[in-house]
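Novice: Sharing a structure, written as structure tokens. Questions coming.
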Amino acid sequence: MPSLIVVGGQWGDEGKGSIIAYLALHDEPEIIARGGVGTNAGHSVFINGKKYAVRQLPTGFMQRKARLLVGAGVLVDPEVFFHELEHLKEFNVKDRVGIDYRCAIIEEKHKELDRTNGYLHGKIGTTGSGCGPANADRVMRKAKQAKDIKELEPYLTDVAAEINDALDEGALVLVEGTQGFGLSLYYGTYPYVTSKDVTASSVAADVGIGPTRVDDVIVVFKSFPTRVGAGPFPTEMPMEEADRLGLVEYGTVTGRRRRVGWFDFEMARYSARVNGATMLAITMLDKYDKEAFGVTDYDKLPRKAKEFIEEIEERVGVPVGLIKTGPELEHIIDLRENI
């Protein structure tokens with residue numbers, strides 16, 4: 001069975017959580033692993049009308065059969081980790097989760113610096129989660145590791161070994177990335193970026209998967225891209241236009257209102273190429289065309305929505321495999337059999 005990586009193609013908040021949740025329940029992976037930066041990115045999913053938001057644990061937590069892992073490349077905030085164990089106790093995550101013993105730790109001093117540093121918080125618009133300062137300490141070889149935190153001891157494991165053993169045995173492994181291509185330290189709108197690379201190749205490395213063991217990369221795009229914080233946004237629309245279109249969103253972690261723009265085909269093509277996308281997922285199609293809300297059959301999509309999907313495929317050069325038409329898990333069109 002393959003390994004599958006899901007990453008964001010814009011500036012984060014693309015709806016990766018809803019795509020991951022669907023894959024977790026529909027494909028039933030044996031392992032769901034989280035790569036990416038750390039607790040500065042939140043993923044939200046709706047289950048039976050209830051919203052769940054996670055910043056540390058894998059978003060596929062609702063798949064009760066899966067082992068949940070946090071890769072060595074991810075920063076761990078013990079406070080957030082234990083809060084989410086409690087918050088998600090109905091899903092029995094405590095008995096299924098493992099943290100790589102090499103994860104670097106976010107300490108209170110990192111969060112304080114992130115919140116008070118005029119450049120980071122003022123100009124760049126960081127989330128205040130401490131990820132940037134913690135990654136800086138990691139690069140300087142000063143950061144603590146998960147193995148140094150006594151409270152984390154019951155959850156420590158070698159994530160890379162677990163995942164590669166599972167792949168050897170034919171298991172399906174789903175890997176989640178965080179944030180989006182435009183926030184990559186290497187390829188994003190520097191300096192208005194996150195503190196590491198978040199493309200698919202780096203996310204694979206975060207959890208210990210070599211490039212030859214990656215089978216599929218799904219890059220997620222939202223019909224109207226959004227951005228939280230400062231930085232270039234070439235297709236940004238005026239706030240008044242966003243209000244008129246009903247495109248009012250707030251960040252999962254920061255609570256700040258998101259800036260909204262029109263779909264950027266040029267950025268999407270570049271993002272898909274650098275990430276090595278084998279397929280695309282398009283979310284919030286119902287925001288682009290309200291008549292598409294709740295549709296689960298591609299043939300029943302209204303003409304406007306279909307033409308948008310076809311234009312994306314043509315201009316980006318990658319087939320669309322999944323389409324979200326609403327907030328609930330079942331509001332999805334799965335076209336992967338046609339690819």
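Each Cβ is built from the backbone N, Cα and C atoms, and glycine gets one as well.
Just so it is clear, the model here is predicted, and its values are computed rather than measured.
The active site, proton acceptor feature in Swiss-Prot is assigned to Asp13. Residues annotated as active site, proton donor in Swiss-Prot: His43. The GTP binding site annotation in Swiss-Prot covers 12-18, 42-44, Arg258, 284-286, 324-326 and is backed by sequence analysis. Under the heading Mg(2+) binding site, Swiss-Prot lists Asp13, Gly42. The IMP binding site annotation in Swiss-Prot covers Asp13, Glu14, Gly15, Lys16, Asn40, Ala41, Gly42, His43, Thr127, Arg141, Gln179, Thr194, Arg256. Under the heading substrate binding site, Swiss-Prot lists Thr252, Val253, Thr254, Gly255, Arg256, Arg257, Arg258.
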Novice: Secondary structure at Ser18 (GTP binding site) (DSSP, helix/strand/coil)?
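Specialist: It is helical.
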Novice: His43 (active site, proton donor): which of the binding-site residues Gly15, Gly255, Leu285 have a C-alpha within 10 angstroms of it?
Specialist: Gly15
Novice: Please identify which of His43, Arg256, Arg257, Arg258 has the densest Cβ environment, defined as other Cβ atoms within 10 Å, among these recorded positions.
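Specialist: Sorting the candidates by Cβ neighbours within 10 Å, the top entry is His43.
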Novice: List, in sequence order, those binding-site residues among Gly15, Ser18, Gly42, Thr325 whose Cα sits within 10 Å of the Cα of Arg257 (substrate binding site).
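Specialist: The binding-site residues close to Arg257 (substrate binding site) (Cα within 10 Å) - there are none.
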Novice: Between Gly15 (GTP binding site) and Gln179 (IMP binding site), what C-alpha distance do you get in Å?
Specialist: 10
Novice: With a 10 Å radius around each C-beta, find which of these binding-site residues (Ser18, Asn40, Ser44, Gln179, Thr325) has the fewest other C-beta atoms nearby.
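Specialist: Counting other Cβ atoms within 10 Å of each of the binding-site residues Ser18, Asn40, Ser44, Gln179, Thr325 gives the minimum at Ser44.
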Novice: Given Gly255 (substrate binding site) and Asn40 (IMP binding site), what distance in Å do their CA atoms have, once rounded to a whole number?
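Specialist: Rounded to the nearest whole number, the Cα-Cα distance is 12 Å.
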Novice: Looking at the binding-site residues Asn40, Gly42, Arg256, Thr325, whose Cα is closest in space to that of the residue listed as 'active site, proton acceptor'?
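Specialist: The smallest Cα gap between the residue listed as 'active site, proton acceptor' and any of the binding-site residues is with Gly42.
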Novice: Cα distance, Leu285 (GTP binding site) to Gly42 (Mg(2+) binding site), nearest Å?
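Specialist: Pair distance, Cα basis, whole Å: 21 Å.
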Novice: Given the binding-site residues Gly12, Gly15, Gly42, Gly255, which one has the fewest other C-beta atoms within 10 angstroms of its C-beta?
Specialist: Gly255
Novice: Among the binding-site residues listed here (Gly12, Ser18, Arg258, Leu285, Thr325), which has the Cα closest to the Cα of Asn40 (IMP binding site)?
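Specialist: Result for Asn40 (IMP binding site): the nearest of the binding-site residues is Gly12.
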Novice: Including all protein chains displayed, how many Cβ atoms other than that of the residue listed as 'active site, proton acceptor' lie within 10 Å of its Cβ?
Specialist: 26
Novice: Can you tell which of the binding-site residues Gly12, Ser18, Ser44, Arg258, Thr325 lies nearest to Gln179 (IMP binding site) in space, using Cα positions?
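Specialist: So, of the listed binding-site residues, the one sitting closest to Gln179 (IMP binding site) is Gly12.
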Novice: Return only the integer: C-alpha distance in Å from Leu285 (GTP binding site) to Arg258 (substrate binding site).
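Specialist: Arg258 (substrate binding site) has its Cα 18 Å from the Cα of Leu285 (GTP binding site).
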